[in-house]
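According to Swiss-Prot, the protein has these features:
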| type | residues | note |
| --- | --- | --- |
| BINDING | 22, 23, 116 | divalent metal cation binding site |
| DOMAIN | 16-207 | domain 'RNase H type-2' |
């Protein structure tokens, strides 16, 4: 279970404001990448028990924790659009989303940012990257939940525009049903055309039209 050991080891003093950051949608083939930043005041987790990596939670439990996190922590979210993913790359876009999430936190100061992953996050705040951070740091685990639910809700809304791609179920990831729909209907403006499955479909469609 994630805990505060990383927050303790990297911060200086119990009054340090340590924020966890995580993103969701890195490997998706459609939709934006979404990040969340979470600060747990006074390390109060009694109201938000059993926080863990969002991938290890059932949707029902994740949604319940999401509501508690919004009520009992300081949260910020940010995203990078499909155009930004295509213009730069998914890593750069993910870090853009993370910085925006941090900027959207209602905090007067941030002493340290804990980031899930191995890459350094360049921002105005000092940061530490933690591999598998969502399994180790409770702040990052909380951020993973907020980011996941935020993006899932977003993809369910986008599903209404393009129901044939089943984004209400796959959230833009390359499931078999999504790939089949991509082959049958082609790519939408919300698909990441530089990603291999989408790029392959576009090339295949062009070859068939010749």
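From the backbone N, Cα and C atoms, a Cβ is placed for every residue, glycine too.
Overlay of Swiss-Prot feature records on the structure.
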residue	record	Cβ neighbours (10 Å)
22	divalent metal cation binding site	31
23	divalent metal cation binding site	28
116	divalent metal cation binding site	27
Counting only residues outside 22, 23, 116 in the same chain, those with C-beta within 8 angstroms of the divalent metal cation site's C-beta centroid are 21, 24, 35, 36, 94, 98, 115, 117, 133, 134, 140, 143, 144, 147
